[in-house]
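Copied over from TrEMBL:
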- 496-508: compositional bias 'Polar residues' (COMPBIAS)
- 47-456: domain 'Ammonium transporter AmtB-like' (DOMAIN)
- 472-508: region 'Disordered' (REGION)
- 46-67: transmembrane segment (TRANSMEM)
- 79-97: transmembrane segment (TRANSMEM)
- 136-154: transmembrane segment (TRANSMEM)
- 166-187: transmembrane segment (TRANSMEM)
- 193-217: transmembrane segment (TRANSMEM)
- 238-256: transmembrane segment (TRANSMEM)
- 268-289: transmembrane segment (TRANSMEM)
- 296-314: transmembrane segment (TRANSMEM)
- 320-340: transmembrane segment (TRANSMEM)
- 352-378: transmembrane segment (TRANSMEM)
- 398-426: transmembrane segment (TRANSMEM)
Amino acid sequence: MAAQGSDSPTTSLPYVPLNSYSTAAPATGGDSLTEDLNVYYQSGDIAFIIICTALVMLMIPGVGFFYSGLARRKSALSLLWLSVMAAAVVSFQWFLWGYSLAFSHNAGRFIGTLDNFGFRNVLGAPSVGSAKIPDLLYAVYQGMFAAITVALAVGAVAERGRMLPCIIYMFIWTTIIYDPIACWTWNPRGWAFIMGGYDFAGGTPVHIASGCAALAYSYMLGKRRGHGTQELNYRPHNVTHIVIGTVFLWVGWFGFNAGSALSANLRAVMAAFVTNLSACVGGITWCLVDYRLERKWSTVGFCSGVIAGLVAITPGSGFVPAWAAVVFGVVGGIACNYATKLKYFLRCDDALDIFAVHGIGGLVGNILTAIFAANYIAHLDGTTQIVGGWLNGNYVQIGYQIADSLSGGAYSFVGTCLILAILDYIGKFLPIFRLRTSEEDEVLGIDDAEIGEFAYDYVELTREVAMPVDEDDVSRRSIPNEGSSVQVNPHEKDFPQNSFPQSFSHAH
């Protein structure tokens, strides 16, 4: 770069043009033994998407921590377990046939083919998402989207759902629900893509689909024991976990939205900026709405607002100008905040408000994208051309957005109900398929009943509190007599009345 005040022109590294890809090349993109398949792509674009893939992966434990903190203590670990299990189950499904069903080059209007079964021929050819990255990289990146979607949805099992049926559900739901929605939204052969719907990073396939699936799962499971009475305490048991989960999600969302540009360009930079701005405004908005009612600056409220802002901006992050992100954050924060009351109207125990934040937040984001989408923002990547939204006088766009949103939501809700109904029906003959745990296990806690491990092992703590000082007495009491059995439930046994801070009693 020229020194300040110098009249010499600014210099830069010379641009090296890429080789043109031949359409006559084999499905794999070529023979890696006889030619260099890297010459068709910029190494910077590949590095950028690899980093974004890792960031999206980071969101999965973020969801687990967020949900774990919102739940009661005795079921906290199960939600962390489900989030990481979702990554494992969906990654295998994606390798087996998920990617092929969503993004095969010869896909139909609704779903793809099995041409890429087992990642067959997924290598160096330009991807269906963008010619700037190869099939293999696009497949890995989109696989993380499928995994985070399932991780969002399975939070609906909180405190009363069994683990094994949920694992089976993950695999089936990704195949029957997520893959078709992803195909029609992002595959150039999909009906919503051809119609002209704008969904940059997953308003419908990720958020509306997961939110409606969570609503359906909540209905199929039924209400938690004590729901609607003083017996069930709704207070989150660990706000620190909620903050940690929010931070993971917030950071990961940069890879989620900016990476959806599918190359390192100005459109990705704009997506990153509006993502952060909408999150900030959403958090402040939710916090202010809660303060108006409670006169308290709620940490949980701020974190929920951040997530609402992130959800709302997701479909529009690569289409809208920077100032519009403020509108997305405000409207998303208010809409999702009030949507948390819908569960009472719907008579549904959506324990973690997944439908309110993701289902309603995704719908709001899709509608706002129709209003604020601008053609010059989409063209920041140098190639994408769109008509735009209301800012460009394209008023029919809102119809396309609503059609896509309602189709995805209805398909996810009805399909989820059918999947779960079949599993639960099989459970009448094979109890391992039964969706809901027994009342005794629900009282005991899902962590103990289903996993046998705990987020917080209070057994050791109670032993230390109850241990006598005399060493001889310690040895007599700590070692049970031969033939005796000691059974301790770390969540249901009574602790000394004043042994713990007041917050422990509220968390249960």
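Note: Cβ is positioned from N, Cα and C throughout, glycine not excepted.
With a cut-off of 8 Å on Cβ pairs spaced 6 or more residues apart, the transmembrane segment (352-378) and the transmembrane segment (166-187) reach fewer than 3 such pairs and are scored as not touching. Within the same chain, residues 165, 168-169, 172-173, 176-177, 180-181, 185, 192, 195-199, 203-205, 208-213, 215-217, 219-220, 359, 362-363, 366-367, 369-371, 389-390, 433-435 sit at least 6 positions outside the transmembrane segment (398-426) and bring their C-beta atoms closer than 8 Å to a C-beta of that stretch. With Cβ pairs under 8 Å as the measure, the transmembrane segment (268-289) is packed most heavily against 320-340, out of 136-154, 238-256, 320-340. The transmembrane segment (136-154) shares the most Cβ pairs under 8 Å with 79-97, out of the stretches 79-97, 166-187, 238-256.
A Cβ distance under 8 Å defines the sequence-distant neighbours of the transmembrane segment (79-97), meaning residues of its chain 6+ beyond its ends; these are 57, 60-61, 63-65, 67-68, 71, 114, 117-119, 139, 142-143, 146-147, 150-151, 154-155, 157-158, 163, 166-167, 170-171, 174-175, 451, 455.
Model confidence over the domain 'Ammonium transporter AmtB-like' (47-456) is summarised by a mean pLDDT of 94. Through the fold, the transmembrane segment (166-187) approaches residues 82, 85-86, 89-90, 92-94, 97-98, 101-104, 107-112, 128-129, 142, 145-146, 149-150, 153-154, 157, 193, 197, 199, 204-205, 209, 213, 217, 404, 408, 411-412, 415-416, 419-420, 423, 433 of its own chain, all at least 6 residues removed from its boundaries and within a Cβ separation under 8 Å.
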